[in-house]
Structure formats: structure tokens, C-alpha cells
Amino acid sequence: MEGQRWLPLEANPEVTNQFLKQLGLHPNWQFVDVYGMESELLSIIPRPVCAVLLLFPITEKYEVFRTEEEEKIKSQGQDVTSSVYFMKQTISNACGTIGTIGLIHAIANNKDKVHFESGSTLKKFLEESVSMSPEERAKYLENYDAIRVTHETSAHEGQTEAPSIDEKVDLHFIALVHVDGHLYELDGWKPFPINHGKTSDETLLEDVIKVCKKFMERDPDELRFNAIALSAA
């Protein structure tokens with residue numbers, strides 16, 4: 001059965017940062033645009049970077065790859081540290097054009113770096129859900145009105161008109177984060193985190209870009225890719 005539907009947020013750092021501010025995140029870390037994958041464009045991004053959100057289209061080619069990847073991991077296994085905070089996605093549109101779940105993944109896996117304001121709604125949600133399963137976290141978010149109301153307010157603050165809540169969105173956001181020396185792809189539509197190998201605080205952005213390029217190479221005719229990085233302000 002399909003879960004609740006939330007309006008998608010715009011892939012816009014200004015909207016994202018305002019949304020997180022309203023949830024009680026201190027602005028010592030801010031999302032910024034990743035204007036391109038070339039080294040000269042990456043060099044203008046403030047460092048350090050602690051997470052990247054990648055926007056990409058859900059296409060037939062991607063769905064074929066996703067199924068093959070899942071089957072391969074289930075048969076061969078992978079190492080995933082228990083330190084990773086991961087949640088499933090049951091809210092439709094929550095990752096369309098930029099997702100609350102992607103933002104939660106980015107912040108939850110960097111609690112040692114970010115700061116929260118007193119009474120932060122997001123901090124409260126993370127503390128209350130820390131011992132839950134990925135499925136339980138998803139259900140808890142569905143009924144977490146303080147985040148839902150803030151989400152809907154932010155969805156109307158973008159530069160483009162928010163789509164109808166019933167409009168199908170074929171764009172999806174994932175979070176790419178560094179946890180315990182490894183780069184993880186966190187996608188609530190997948191059954192588990194994806195371990196993309198070793199990384200570090202210093203090399204995270206460059207390692208993430210390698211993963212992003214693979215997404216683009218799988219759909220060379222698609223132009224609907226975008227990325228924003230959570231970097232030190």
C-alpha cells in the first residue's frame with residue numbers, strides 16, 4: 001500500500017538551507033550547488049564537504065541496473081557498518097526533485113559535525129528514531145507533523161511553482177556520505193545502504209563525483225542530473 005504523499009522540494013540550496021534552518025540546524029554547514037564534475041568547478045566548493053545529494057532521473061536503464069545491483073549484493077554480500085543511519089522511503093514524492101529523506105540521511109550521518117539549535121525538531125526526530133529499524137523510521141516520519149508541515153511550507157518557497165501533490169515525479173535524490181572510512185549511497189527505495197568503497201573527509205567530494213559519473217554514464221542521453229554538497233560555511 002502506498003504511503004502518504006508530500007510535495008517535492010526544489011533542488012535549490014537556498015530552499016534546502018532554509019528548510020534545515022526551520023528544523024533547527026545551525027548554519028555552520030550549508031548546501032551549495034555543484035556546478036560540474038570538472039576539477040576546476042569542484043575547486044570552488046568550500047571544504048570540507050560532509051555529504052552530497054545527487055538528483056537523477058528514474059529511467060528504464062536505471063531500473064535494470066538497480067535490480068542487477070541488488071541481486072549481486074544479496075548473493076555476494078557487502079560490509080555495512082552499524083554506524084550508518086538508514087531509513088526506508090514510504091512517502092511518495094519525498095525524494096522527488098529534492099527529498100527530505102535525503103536531507104535526513106545527510107544530517108543523521110554527520111551528527112558529529114553539525115550543530116543543532118535549542119529545541120531542534122530534526123535533532124528530536126533523530127534522537128527518537130536512533131534505535132528504530134529503517135522501516136520503523138520511515139513510518140515514524142510519515143506521522144511526524146512538525147517535519148511534514150515545515151516540508152510543505154518549504155515546497156512552496158522555491159523559484160518554480162510546486163507541482164500538484166498527485167503529480168508523478170520521475171526524479172529521485174540519494175545521499176552520499178562518509179561513515180567509518182567508507183562511502184555509502186543511501187537511497188530509501190533500496191533495501192540497504194550501498195558501500196562504494198573507502199573514502200575520507202579529505203577525499204569525499206572527489207570520491208562521490210566518481211559515483212555520480214557512473215550514474216551519468218549509465219544514461220548518456222539524459223541531462224537531468226544535479227548535485228548539491230553540504231559544506232562548511
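Including glycine, each Cβ sits where the backbone N, Cα and C put it.
Of the candidate ranges 2-7, 8-13, 56-61, Swiss-Prot annotates residues 8-13 with the feature region 'Interaction with ubiquitin'.
For H172 (active site, proton donor), other Cβ atoms within 10 Å of its Cβ number 22. According to its DSSP assignment, D187 (site 'Important for enzyme activity') is coil.
Each residue contributes its Cα atom, and for H172 (active site, proton donor) and D187 (site 'Important for enzyme activity') those atoms are 9 Å apart. A distance of 15 Å separates the Cα atom of S133 (phosphoserine) from that of D187 (site 'Important for enzyme activity').
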